[in-house]
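Everything on this sheet refers to the single structure shown next.
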Amino acid sequence: MAEVQQNSGNSNGENIIPPEDVAKFLPKTVDEGGWEKCWEDGVTPWDQGRATPLVVHLVESSSLPLGRGLVPGCGGGHDVVAMASPERYVVGLDISESALEKAAETYGSSPKAKYFTFVKEDFFTWRPNELFDLIFDYVVFCAIEPETRPAWAKAMYELLKPDGELITLMYPITDHDGGPPYKVAVSTYEDVLVPVGFKAVSIEENPYSIATRKGKEKLARWKKIN
């Protein structure tokens, strides 16, 4: 059973601001002090305050690879803890010290604590000694400048084991201008993942999207082909 930590503000996702609206005000905070300032000031409109419902479903339906898992841009750590189990050790990665402090405060006493860890590192340069069987990305791809996406794909390839699986929750599939979050499409993922050696195994709608993200997300599962 996935452990789900909820907070009073976003316990059911209904209060989460639509991505098109977030893109109107979030860039100012990011420009002023990066993602650390967002967490320091509590400007985290993407944080659902609980594990992503789709992640909970994948865990409870035993639809995730076992072994070592990675959640880049883990923020408050909700998805990390939901995925963690005796059969799956999960690393939550973030560049914000404040985000990881919040994650540790929330989940430090979790009965799952020995099955996950939080690490402050830059996803683009961090290379651990051991690779991963599973990587889950929801918010990194849409948060980075579009010209940085090829580097994101390269890092994914280098961090994943040859037989590992990359799961991307494609978001936000909209037509808004600016960001973060920057708009995405299936093709924007394909354009950077296919050239480095990934193949999409499946791409489908996310039936577990929260209200303000319905119709704006797709679940894609990728495997290395070379």
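Cβ coordinates are placed from backbone N, Cα and C, and glycine is handled just like the others.
Feature annotations, reproduced from Swiss-Prot:
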| type | residues | note |
| --- | --- | --- |
| BINDING | TRP35, TRP39, TRP46, GLY73, ASP94, ASP122, PHE123, TYR138 | S-adenosyl-L-methionine binding site |
| MOD_RES | SER85 | phosphoserine |
For SER85 (phosphoserine), the one of TRP35, TRP46, TYR138 that lies nearest, given that the binding-site residues are compared by Cα: TYR138
Distant-in-sequence Cβ neighbours of ASP94 (S-adenosyl-L-methionine binding site), under 8 Å, six or more positions away: TRP35, PRO72, GLY73, CYS74, GLY75, LEU100, ALA103, PHE118, VAL119, LYS120
Count of other CB atoms lying within 10 Å of the CB belonging to TRP46 (S-adenosyl-L-methionine binding site): 23
Set of same-chain residues at least 6 away whose C-beta sits under 8 angstroms from ASP122 (S-adenosyl-L-methionine binding site): ILE95
